[in-house]
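A short write-up of the structure that comes next.
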Amino acid sequence: MLQLYNSLTRKNEPFEPINPPHVSLYTCGPTVYDYPHIGHGRKYVMDDILKRTLTAFGYEVKHVQNITDVGHLVSDADEGEDKLEKGAKREKKTVWQVAKYYEDEFNKDMKKLNILPPDYQPRATEHIQEQINIIHKLFEKGYAYDTPEAVYFDVTKFNKYSELFGQSLEDKQIASREKVKTGEHKKHSADFALWFKRVGRFSDHTMHWESPWGDGFPGWHIECSAMSMKYLGETIDIHTGGIDHLSIHHPNEIAQSEGATGKQFVRFWMHYNFLTVDRTKMSKSLGNFYRIQDVEQKGFDPLDLRYFYLTANYRTQQNFTWVALESAKSARNKLMNIINQLRSGGIYDAKNKSAMNRATTNFKRTILSPEKLQKTKSFQEKFSQAIENDLNTPEALAVVWGAVKSNIPSEDKYDLLMSFDEILGLRLSDSRQQTAEKTVIPHEIQSLLDQRAQLRKEKKFNEADQIRKQIEDKGYIIEDMSTGQKVRAIKSLDSLMP
């Protein structure tokens with residue numbers, strides 16, 4: 001059974017959805033004012049591993065990932081200016097142009113990382129009324145109060161607030177930056193904004209809407225409650241996010257959601273730890289702030305980065321270095337080459353001496369001995385056990401390499417690795433991502449190829465097959481294409497092992 005670490009209870013728990021086989025999944029999406037960096041990439045890859053795992057276990061996943069395009073201030077605790085407004089000033093564009101551009105760039109990067117798209121990707125600006133409706137309910141139930149600059153949530157009225165994620169209210173005061181001078185009418189420093197009014201520091205805010213409390217815009221936290229409830233219902237199975245949301249954003253989501261509905265908001269909370277660079281926090285000022293494009297510009301495939309993410313447990317801090325990424329690239333390339341080798345063994349028909357399409361070929365599979373059959377099942381079980389244990393991807397990768405080194409037949413090994421990749425998402429079977437080095441054909445082999453081509457032209461197929469055998473004995477494999485012969489070197493699996 002799938003076991004997941006629940007941040008709310010601070011322990012591993014068996015996962016059972018509210019309404020099996022359906023699973024409601026909400027994952028915190030991007031604030032679209034800049035490009036995603038490699039730390040963001042880790043979070044979204046692990047969201048994808050979770051989703052793929054749930055699907056592989058037979059669940060029907062309904063996945064919502066929001067787009068924050070208004071209301072997220074520079075500080076999560078209601079301090080500073082709106083990140084979208086800041087981005088617009090930086091680039092001398094409108095906030096709408098900035099939001100659209102970076103939303104598109106985000107989705108492009110997610111595709112490069114082979115992340116499955118969500119079922120819904122709602123924007124905060126398109127759900128203003130839903131947010132206003134929740135604020136109305138909070139007023140009715142005594143949780144919200146109005147001030148000259150904003151509408152706030154009164155955290156002292158929500159009894160559970162002081163216990164969420166193992167933090168006291170005093171801890172949350174520190175997290176909320178008690179010295180913040182704005183919001184002078186707050187009753188408690190941990191109170192958070194539900195609606196900002198277009199006055200004072202926000203008098204020139206570009207994005208604004210009418211509300212019962214005045215012209216303004218929603219606070220950051222309320223959007224997630226509004227959109228998750230609209231698409232997934234008042235209680236959802238799983239909510240994910242970065243560990244940085246443990247102190248402010250997610251407690252605020254719980255408080256406003258449960259305050260409005262009186263029901264449990266989320267059953268399982270999952271949080272991903274930070275990615276550091278050379279043991280330090282990523283920072284533009286330190287010159288160690290890397291985007292997905294930066295990785296590509298250094299000659300890496302984003303899937304190398306995906307492999308790198310899988311080498312660490314999502315709840316542990318992971319340290320990025322270019323050396324570590326190079327190791328991940330090497331391992332993924334070796335795995336790709338092994339897959340190509342196994343695939344070649346699968347599509348080559350020994351009797352007819354011709355290459356055939358794997359999808360239309362009936363494999364002449366080796367009948368597995370009881371020992372090899374048990375070994376195949378053992379790898380399947382070990383992989384499942386690793387993933388079932390709170391998405392233990394490092395252990396899952398170890399199982400992958402164990403299967404590669406095993407003596408089970410090539411056809412079964414290929415299928416086994418492909419089944420693993422349905423969860424790992426490394427796109428091992430995608431020919432567009434093949435990384436095998438371009439084959440340099442020696443003069444001797446080219447001469448034999450020319451002879452074989454002439455023999456086939458003369459319909460001397462037996463003699464042509466003898467030439468093929470000579471070429472294979474010299475370490476090359478031929479595939480007959482409509483455009484001619486394709487040849488490449490056969491690499492031994494031993495030479496590809498890490």
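The backbone N, Cα and C atoms fix where each Cβ goes, glycine too.
Residues or ranges marked as domain 'tRNA synthetases class I catalytic' in TrEMBL: 15-329.
Residues or ranges marked as Zn(2+) binding site in TrEMBL: C28, C224, H249, E253. Annotation for C224 (Zn(2+) binding site): spatial neighbours Y26, C28, N66, H249, E253, criterion Cβ-Cβ under 8 Å with sequence separation of six or more. In the three-state DSSP scheme, C224 (Zn(2+) binding site) is classed as helix.
The motif ''HIGH' region' annotation in TrEMBL covers 30-40. When pLDDT values are averaged over the motif ''HIGH' region' (30-40), the model yields 95.
Counting same-chain residues at least six beyond the ends of the motif ''KMSKS' region' (281-285), those with a Cβ under 8 angstroms from any Cβ of the stretch are 37-39, 274-275. The feature motif ''KMSKS' region' is assigned by TrEMBL to 281-285.
Annotation comment: TrEMBL describes K284 as ATP binding site. Following the DSSP three-state reduction, the secondary structure of K284 (ATP binding site) is coil. Counting only same-chain residues six or more apart in sequence, none has a Cβ lying under 8 angstroms from the Cβ of K284 (ATP binding site).
Residues or ranges marked as domain 'Cysteinyl-tRNA ligase anticodon binding' by TrEMBL: 441-488.
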* Other same-chain residues whose Cβ falls within 8 Å of the Cβ centroid of C28, C224, H249, E253, the recorded Zn(2+) site, in sequence order -> W220, H221, S225, H239, G241, H245, H250, N252
* Kindly report the helix/strand/coil residue split of the motif ''HIGH' region' (30-40) according to DSSP, in that order. => 3 helix, 2 strand, 6 coil
* **Neighbour tally for E253 (Zn(2+) binding site), based on other Cβ positions within 10 Å of its Cβ** => 26
